[in-house]
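Trainee: Quick one: this structure, given as structure tokens, is what I'll be asking you about.
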Amino acid sequence: MPAVLGFEGSANKIGVGVVRDGKVLANPRRTYVTPPGTGFLPGDTARHHRAVILDLLQEALTESGLTSQDIDCIAYTKGPGMGAPLVSVAVVARTVAQLWNKPLVGVNHCIGHIEMGRLITGATSPTVLYVSGGNTQVIAYSEHRYRIFGETIDIAVGNCLDRFARVLKISNDPSPGYNIEQMAKRGKKLVELPYTVKGMDVSFSGILSFIEDVAHRMLATGECTPEDLCFSLQETVFAMLVEITERAMAHCGSQEALIVGGVGCNVRLQEMMATMCQERGARLFATDERFCIDNGAMIAQAGWEMFQAGHRTPLSDSGVTQRYRTDEVEVTWRD
Amino acid sequence: MRAAGQGTGGAAGDADGPGGPGVPGGPGEAGAAGDGGPQGAGAARASGPGGGAPRVPRGSAASAQNGSCQCGARGAERRLVQLYLTMPFSSPMEAELVRRVLSPDATPLPRPGAVLKDFTVSGNLLFIRLTAADHRQLQLSISSCLQQLSLLMWIVQCFLPVFLALLHSGQRR
């Protein structure tokens, strides 16, 4: 019954999780929140992570009821993500692995989301919509790889939402995406925005530029409210995501869809995906904010699978990778 | 930065590495600045605008143990700036542990101006050398390196007692 300790800190969330045999024993997390109108920078984010990571580690051990001797493996996010935060967390993982004399496993962040989604929901072989502030991909498993069927060709959908939140000076607490979602519920008018699906892929940078431009003009003239703009942006970008997910499902003949990543917490996105799945006779799976949003347990879970399959990361190979593709990993733990 | 007990002298940011330039006349002096030999060039010293790192002679390699440097001279003469840092630990084992933790991220990105990082250990001393093409990059790298070291020391202080207890009881594999 191996127990794996997982460290996650690729963006502004830092988490330490403990997983043993499919059970999440601990999953404390902290979020680095910046003032409204600003985003988070690598150096400041890394500083935040360094300040709290030891407390989180102690919290995880206490919550799980385990000691260092009970841990069988240390997993950490090898990438993708922001460089300085990734390095800060990797340094801790390496140190702990050496002091406790435990093997080290570097985990792909995207695969962490997928494996946690599969564990929590029980989905067997879904088409995965992975949507967050840093990534937007449609993924399906085939022959020991998580294959990317479609993705953003520029910025992630969460990045589009977060940067729009800065334009309106929406609070970043608890997250800009959550606050946009709440405002969107009060929106009444649909503002027409560019709809940019390109085959299996999507593009969000043009939509962001457009809405940043019209926001100032339309709000100044009273043509619409900030709530209308939040509503319009969500409806547009989520419809695009539903379209490319459905296209991938049709291609794969898939009857399951799984949403993972921070943007996956959005209830409106889940509703729209559920409507599409219902029309196709497919099932939709999604997790709650504990596991949608970046967390340590998802790294621990993916690390657990990798550890059981014999993966080990030597110290010499334990550097981080800001660009780490989902399909670079050989998924030896699945048939 | 000099380790406590290793004597005084040297500008802020200097430290003697193994064979490093050090304080003129001090221990470890090897290769005058500008000779292009290993560890010989570009030692960062506190200097005014008129001073600065010695120039690397045209066409010569600098600093790395194999005599080459990715951010070394390309065409025209370039200034390199370096920081040498010596950090003592209570045991060779600790020093080696820190070196192993920091080394995986030392590989520079394949782009111009990437900062070179070298970590070596001698006894209970960890020697760090940072080499950059400009002062700003070096400053950023120094800040990051010191913060990583600070975090490392904090972790080691937290968990080293347990580690040593297990070691002495023979429970470590």
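Note that Cβ sites are derived from N, Cα and C of the backbone, with glycine treated the same way.
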Trainee: Return the residue out of A:Asn27, A:Asn266, A:Asn295 that TrEMBL annotates for the same substrate site as A:Tyr130, A:Val131, A:Ser132, A:Gly133, A:Gly134, A:Asp162, A:Gly177, A:Glu181.
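Mentor: So, going by the record in TrEMBL, that would be A:Asn266.
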Trainee: Please state which member of A:Asp228, A:Asp288, A:Asp294, A:Asp317 TrEMBL lists alongside A:His109, A:His113, A:Tyr130 for binding divalent metal cation.
Mentor: A:Asp294
Trainee: For the binding-site residues listed here (A:His109, A:His113), tell me which residue's CB has the most neighbouring CB atoms inside 10 Å.
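Mentor: When each Cβ's neighbours within 10 Å are tallied, A:His113 tops the list.
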Trainee: Neighbour count, 10 Å Cβ-Cβ cut-off, for A:Gly134 (substrate binding site): what number do you get?
Mentor: 19
Trainee: What is the average pLDDT across the domain 'Gcp-like' (A:29-300)?
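Mentor: The answer is 97, the mean pLDDT of the model over that range.
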Trainee: Among the binding-site residues A:Gly134, A:Gly177, A:Asn266, whose Cα is within 10 A of the Cα of A:Asp294 (divalent metal cation binding site)?
Mentor: none
Trainee: Can you tell me how far the Cα of A:His109 (divalent metal cation binding site) sits from the Cα of A:Asn266 (substrate binding site), in Å?
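Mentor: Each residue's Cα considered, A:His109 (divalent metal cation binding site) and A:Asn266 (substrate binding site) end up 20 Å apart.
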